Amino acid sequence: MDNRRIKFKNVIRTFCGYFIKIKFKSERRLFYSYHLISTIFLLLNFSIKSVSCNRPPRFLIDGQTEIVLRLKEGADTPVGTLIYKLRGFDADGDSLKFGIRSSPESNVIRVESTSPTEANVYLNKLLDREEQDEYALVLTLTDGHLGHGNYITQSLLLLVEDINDNTPVFKNYQPSITIREDAEPGTIATLEATDADEGPYGQVVYHLQEIDGSLDYEKQTLHQLKILAVDRAKEGRVNTGTAALLIRVEDVEDQPPEFLRVMPIARIEENSPIGTSVLQGLMEATDVITAVDGDRGINNPIRYSLSSNSLSKVTEAFIIDSDSGVIFTANSLDRETLPAGSGTYILQITAAEMGSKVIPTPTATTEVTIMVTDVNDEVPRFKNERYECEVAENAPINTPLTFLGNSLPEVYDFDQGINGTFHLYVKGSGDTFDITPTKAVNEANFIIRVKNSTTLDYERVKTINITIVAKEIVKRNPKFTEVPVTVHLLDRNDNFPEFTKSIFEVSVPENCDIGTTVAWVQALDDDSGNFGTRGIRYTNIAGSIDHMLNLHPVSGVITVKTAGGPNWDREQVSRHFLTVEARDDMGNGNRNSVQLIINIEDINDNPPLFTQSKYEARLLENKLDFEHPVKVEARDADLNGTKNSEIEYVLFGEHKQNFTIDSVTGDVKPKHPLDFEQLKGSPKEPLRTLFLTLRARDWGTPSLFTDVPFFVYVEDVNDHAPMFEQIYYNKSIPETTPGGTSILQVKAYDRDGSSPNNRVVYRIQGGADDKFIIGAETGTISVARGASLDPDLTQPKRMHYSLNVVAIDGAPGDNQLQAAVTVNITIVDVNNKNPIFYEPGTITVKENSPVGTAITRLNAKDLDTTAKLIYKVDPKMCSAKNERGILLKPVDFDCSSFFKLEPATGILTIAKQLDREAAETFLVGLIVEDVNSNTGLQTATSTVTVEVEDVNDNSPKFREPFYKFSVTENSKHGIAIGTITADDLDKNKTITYSLDGRYEIIELIHLDPDSGDIVVANKIDREVYEWLNLTVKATDSGTPPRVPEDTQPGTQIAKLEAVDADSGEFGKITYLLDRLSSQGKFSLDANSGILKVADKLDREELANYLLVVEAWDNYQYGFNSGESRNAFKHLNITVLDVNDNPPILHLPPHCINITEFHEIGQPITIIHASDIDDPDTSNGQVIIDIADGNQQNLFDLQQINDWSANIITTTSLRGRHGNYSLIMRVQDLGMPSHLVQERVTICVTDYNDHPPVFISPPPNSTLKVPENATVGSALVQVVAIDEDIGFNGAVRYRLKADPAGHWKFFNLQPVSGILELRLPLNRKKQKIYDIRIEAYDLGVPTPLSSDLDLTVYVSNINDYQPQFLMDEFMVNFTENKQADLEIRKLPDTVDRDEFELDGPPSPICYYIIGGNENGLFHVNPIEHTLVVIVKVLDVNDNAPKFVHRVFTGGVSTATSFGTKFMHVKAEDADIGVNAVISYYLIGRVQMTLTEGLENLQRLPFIVEKDTGAVQLNFDPQQGMKGYFDFMVLANDTGGLQDMARVFIYLLREDQRVRFVLRQQPPELRSKIEAFREVLGNVTGAIVNVDEFRVHANHDGSIDKTRTDLYLHLVDRKDNSILEVDEVLRLVDQNTEKLDDLFKEFNVLDTQPGGTLALKTTMQNASTTFWLTASCLFLLLLLFLCLALCVNQRQTYHRKLKAATATAYVSADSEIDGRGLSVMSGRVPNTNKHSMEGSNPIWLRAYENEWYKNNDEFSQGSEHDSLDENVVSCGEPTNSIEHLHQGVNSTRSQNLYQTLPALPTRKLETTEL
């Protein structure tokens, strides 16, 4: 059973004769009760025998029989008050329970037990003595064993004590009493009051509250008396009862009448009608009585009368009712007619009592002022119903607007006071304008001022319409007036011309002619008129060839003025830089300029030239090779590497098939052996000369070539018989061949090679007809002298001759051989006669004839049979005249461009649309040419007159855009107002004028339909019409009509009229329209002849309609019977274009892929657009531009033609990879304009062009690793970043192997770059590990990488903490002292690690860890000083200052793009946010003496805003040079600033000098400015520090104790970079001046900083010769010197020995261990065999500062003989060789370079 669920009942158990009863009621403590039972059971089992019988409890009340309590009533004893504590006693120790016996009064208290023997008695109900003064209660007590309902009782008497809580109360009394005002004194009433309290609290005394006044009815008719009944409480609260007694005073007749609530002023409106009540009783009351009897208790009736002191007859203005006292108006009131405009009446009103017993009758008089008030019946009005103003667009704030015309800026309101007060304000202008004054009374002049000038921009809006309002200030139904104001903005020249491009770069061929268009520069200006684009004039062009160019001032077209010369020769100048200036205001306003770059394009204008004028070769018959090889060579001066300079060799000539030539190398070889007998040549000579032509031609366009002769000499072998070359001969000769002319040579060859067998003679056997002869030796057939071959002169006409020619060799006798051949000669007709023109006459053509229309065919003839005639227009002989017969200038009007003449057929067509209004008559010059002429130019000329017939294609145009006239109102009929004039460019200039507008306005004036005169037709009233706005229509009478394509069906477009002289039906005309010609688009009214549009027109379907119109008479009755007559007319209808078609964009649907290295300016894709509207109008002309997506200005459009444009790049896309969406927009120029936008996507792909760059740790860092580091622990994370993306930007890491194997001790995670320890470290074996980490990317095709040198230093463990030498240290500071004046040194500490760790000791830093909560003290952590701090809040009162006014730096051409190579630094004396400095590059970067930077379009440098780092912003290339200068600005957060100048020099890698110093880089950086300053002062150059590097030895190891300092020097005069040789020379020349500097910085060596450019040592053979000769000469001079020395050996034997005795010693000796053995030796002048001072060598050496104190190092000898000082023979030889080496060195080293290597010794500084 679960014990927690046991339920106990009352259980009785018997133990030893006793009963125990245990009762449990709570189930919550069930489990614990169960255990309690067990415990009680056990206890009872052993101790129950000691229990006795129950004894009753009792109250403990200190012997009293009754408990008596006294409590004050009411709030003095609040409910819940503890009034008594009960105590009880039970001998058995039982728990007692206190209670109260139930009774009606028992609820006054409650009893609560506080312990088993105590209880508290609390007041349970509020006490009230007056309700019950005592309570008798019975308390109960029980111990729980007395039985049910049995208690011990105790009486409790609760007495309630009285407090003064009741006020006296009056008994009933009469509340009111009446007394006459003249009553005598006496008792009037008696009152009594009682109090419920007892004692003094219930006793009452009376008081009458003091009252004012007397029994005077006129003063007070009622008196209220206040009687007070007060109890007699002496302390505490005193209660008072109050009784009110009302005394009524009875009136007595003793007072005159009196007015009640007299109103001294009354008002009445001036427009009140007669009989209007003005003042009724002068009071606001409900009754009609306005005056009362003074004795109101009597109240006699009152009669009123009216009088006035100011009016003679008051009754003329007002009357008064005698009974009611109401005043009425007797006449109409006019406020303005009152005297002095006061508007007031002063009246006296008299009131008299009626029936009064007092004599005389009492009266009273009062005065009333009646003010005639103004009525708000006027509206505020402006002087003008509308205003026109003007203001300049650049007007400043508060500028008043200028009113135009006769406008009066006045406003008025005739009302008075508030009715005449009104506000003025502007509505509809936003905050652009305001009006002043803003408030006015009655009338005021106002001005309108500019409030916000930023919104005034003529380029955005030209007219602003606003409304000025005058509104009354009355709150209810205010009247107001609004007047429109038109504000015209006046344009001001506030915009500069802006060129459409930042740089115009064009290319012009070098052979350009005069007039060639070079460039077209365009500038736009947002201003209007002459201030804007219309007024732009191109005023100047400046540059190298400005004198050779023409700049059109209006169009901006630049043409060639002077052609030719060196400036146009690309081989001399390839590029020209010019500046074009544009100015607005017709060339007198704002100016702007743009750079024009003209690239001279290479043309093929230089032919290749052979190196020889001719070539010759000798070839033996039957041989395959020339006697000597033949190779030809030619050179071309055109641009190298282009087709213009690429040369091809070609062989020409009669025998070219026998030879070959290599087209590239020029090698010429025979193809096969030659047979001498097959070669042409003289049979008398044994050689045959082959005449060939060598041609060298380039591949340019057009191709140029040069020919040189090539002679091949072939030796003959004579072994053949003679024979003719040909079996027959044919020859054609012109008919004009004169006599004696050779026309043909026949040849017969005798293959024999010797004479006379090979000698041949010729003769003509027949067929010559004496017209031809032949040379016997030459075989040349000639025309016989005097013979004529003209076929026209022979009868019959003979065109052919056949000659029989024989050849006879020179063999004698019968061996003579001959051969015959036929020679056919054809006589060819020669084209030698000029053509003849047939006169063309005059031609008429309509001006609307379409282009291509043939207007005539020209005819000419030529007598020659081979003539070919070509027709063309002569532009020089073409002229045009307008309708007035004025000849048009050819410059302004190109006459010949309007016509096209077909060359072959002679058909003359229209080439350009004719416009009769521009030119009515053309006189066109014609030329016919025989292009087959054999005798030079054969031409004939003529002229044709073309008359242009007028077509009604121009609408009338008014001479003014609008007309404004004025006329006096009420002018008489016929008064002239003005004249409207319109012009029509057509020939039919008849114009009809008509008015259009409202009828009531049109009837006021009359417009003459012919003259346009406007006169007055009816009376014109200005108050009705201030302006008459009318529309005048001018209509011409010409045909054909022109109809816009959007004309609605039903619109009348023309009216046809035909005339018939008949009458009746025969004179009635019916009009018919041919439906086939109209195509259903037009309709013609048969009766009226009105032509209308019948269907919707579309110009894009058909632009012209040729309508056929018929006019019939008697059509109704005579058409079918044939009695009708008709006439036909063609009517040309031109449909005018309307901009009803949007343009169309043709874009590539896919993404256009380009790389980030896409060249600037190169096309990306072509954008095409089209519009089917009329391309000759603005409706069909489009503009293509980029609408959106080009916020970074990376792309631009390059116009190809009117319909196409290239998307090009404007800047480098390097680093800008990604997808770019450009919103392309095409917009036509029609009205309204149509616009289409579509998206084109350009995808710029990344190129792997950035190697990884280490950002952590810094280069050449040292990593300290404790020697107890565990294997596998992470030492450092190497981080490198790559600016590329994707795989190109994914960085991986690896260790590079080194010769010492240091890399094996470490492991590098390839992805994370975490360097881990791979092997355990042993500091005793190895302290320093030099490793090299490579970071490489995963780019394709070639990954890029960078290296990081990292030194790992194995450090000992810091095992001990620093300890103070004393536990407590006291310091004293003086109060009120200024901060930082008192500084106290703190005691030192001891660190045992200093004695065990190698290297410099670790610095010990001091900090305050407690007691400085207020921040009053500061400890210098390094210097261990304690300072009192006074915090002073900073104010930004110091501007930043650059540490230098000029910063200089250099950048190598090998430096990568984006490198930060120098810093500019400024300092701000402020602190905190006030000292935060930002750096900016301002102005333009000036480039001087630059080469290779012409195409640089971006800023070459970027200054980092936060750090001042200068970053390279372009990619330097080899060959670039020059220097840059620009300004930088430092700006703090408060706007304070400073500026400095920066010079940056572009240098080659081999222009840097390296200084090797024994210092570490951090130490050197802190002092580098001092090094720069001293070195610059000594050398006189600008010194720029380029780089710090840890010194690397020749074997690749790193020396941490040395630093390589790379710098370059700049010449201050011309800002050029000094070459390395010049820098080293300056250092050597100033060795002594640099001595202290080099000692201070421990300079060990100076040497070139990079690989020197290789210099060509020998340019040609002559240089080699002279060098060889010089060397031989020096060698000879050396031998002579040696011979001289041997000859003088005996003479100078002793001196030579003395000089060489101690000058050279072995290199093993040292001085003070510093390795200065090369400069050491014995002390000079100690040889006894030499005289003092006789050795000049030692005299010079001893003067050196380095050896003045070297006597202590000399090694003396006990003996002083010459033999002991003599050195061996080998030593002088070595010394001499060493001396020669020093002399012949390439340059003299400075003193520090000659020092040998230092011995291995740990030195912090180098001792020199």
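Glycine residues also receive a Cβ, built from the backbone N, Cα and C atoms like all the rest.
Since the structure is predicted, the reported quantities are computational estimates derived from the model, not experimental observations.
Taken from TrEMBL, the feature transmembrane segment covers 30-48 (among others).
Across the domain 'Cadherin' (76-170), DSSP helix (H, G, I), strand (E, B) and coil residues number 4 helix, 46 strand, 45 coil. The domain 'Cadherin' feature in TrEMBL is assigned to 76-170 (among others).
Each residue in the domain 'Cadherin' (171-259) gets a DSSP state, and the totals come to 4 helix, 35 strand, 50 coil. Positions annotated as domain 'Cadherin' by TrEMBL: 171-259 (among others).
Marked as domain 'Cadherin' by TrEMBL: 266-382 (among others). Residue counts for the domain 'Cadherin' (266-382) under DSSP, helix first, then strand, then coil, are 9 helix, 46 strand, 62 coil.
If you look up TrEMBL, you'll see 383-499 (among others) marked as domain 'Cadherin'.
Taken from TrEMBL, the feature domain 'Cadherin' covers 611-724 (among others).
Per-residue pLDDT, averaged over the domain 'Cadherin' (725-837), rounds to 82. Under the heading domain 'Cadherin', TrEMBL lists 725-837 (among others).
TrEMBL lists 837-958 (among others) with the feature domain 'Cadherin'.
The domain 'Cadherin' annotation in TrEMBL covers 959-1038 (among others). For the domain 'Cadherin' (959-1038), the DSSP counts in helix, strand and coil order read 4 helix, 25 strand, 51 coil.
Look at TrEMBL and you will find 1035-1145 (among others) tagged as domain 'Cadherin'.
Annotated domain 'Cadherin' per TrEMBL: 1146-1254 (among others), in sequence order. Mapped onto DSSP classes, the domain 'Cadherin' (1146-1254) shows 3 helix, 55 strand, 51 coil.
Marked as domain 'Cadherin' by TrEMBL: 1373-1442 (among others).
According to TrEMBL, the feature domain 'Cadherin' maps to 1443-1564 (among others).
The annotation transmembrane segment is assigned in TrEMBL to 1665-1686 (among others).
Shown for the domain 'Cadherin' (611-724): DSSP residue counts in helix, strand and coil, namely 6 helix, 50 strand, 58 coil.
DSSP places the residues of the domain 'Cadherin' (1443-1564) in helix, strand and coil in these numbers: 11 helix, 63 strand, 48 coil. Per-class residue totals from DSSP over the domain 'Cadherin' (725-837), listed helix then strand then coil: 6 helix, 51 strand, 56 coil.
For the domain 'Cadherin' (383-499), DSSP puts the residue distribution at 7 helix, 56 strand, 54 coil.
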